[in-house]
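Notes follow the structure.
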């Protein structure tokens, strides 16, 4: 069985974390040799950067600082976690990757998406996902889910208003148009179990 790099993307409240947990279980049951990781984070240094970027109290952070910090964390994650796993024949399941930077920082912060893309391509070099699952849900539905989930850890980006989250969604649409061959859009208004089964079936096809 070949090793592939899989990423989960979607706006806040799309159910990505829940689906990631279920997918981890189902992929293990299917006998797939893989690791599960996340961004920002995924390595000791990158997790420290995550705490800075998402920490409540860092609202004054400049948008370009945000881009550069996340790109730096991503570089370390690629070098320390993702590439070694792929080289060892293990697939990688990652909660967010470069596309999040394009949507959240590029579009959400009204930055030049091409510049954000180039910064990230410099960081990751040739380590692009083989398959990206975009969990598609309206911004208002996602934010309502966040508000209803009292046990969810709230980060700095969750506190942004609906306009920001709508920009993020529009940004994702641009990213999907940039890389249509690796994206699969998944209806995230369905149950986590239904979403997981849809994604797992496609992963098994990709690995065949």
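Just so you know, glycine gets a Cβ as well, placed from its N, Cα and C.
Per Swiss-Prot, the feature ATP binding site maps to 10, 11, 12, 13, 14, 15, 16, 17.
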Exercise. Measure from the Cβ of residue 12 (ATP binding site) and count the other Cβ atoms within 10 Å, all protein chains considered.
Key: 21
Quiz item: For residue 17 (ATP binding site), which DSSP three-state class applies?
Solution: helix
Self-check item: CB within-chain contacts under 8 A for residue 14 (ATP binding site), separation at least 6
Solution: 135, 136, 137, 142, 188
Quiz item: DSSP on residue 11 (ATP binding site), three-state: which is it?
Solution: coil
Exercise. For residue 17 (ATP binding site), write down the residues of its own chain that are at least 6 apart in sequence and whose Cβ falls under 8 Å from its Cβ; none is a fine answer.
Key: 95
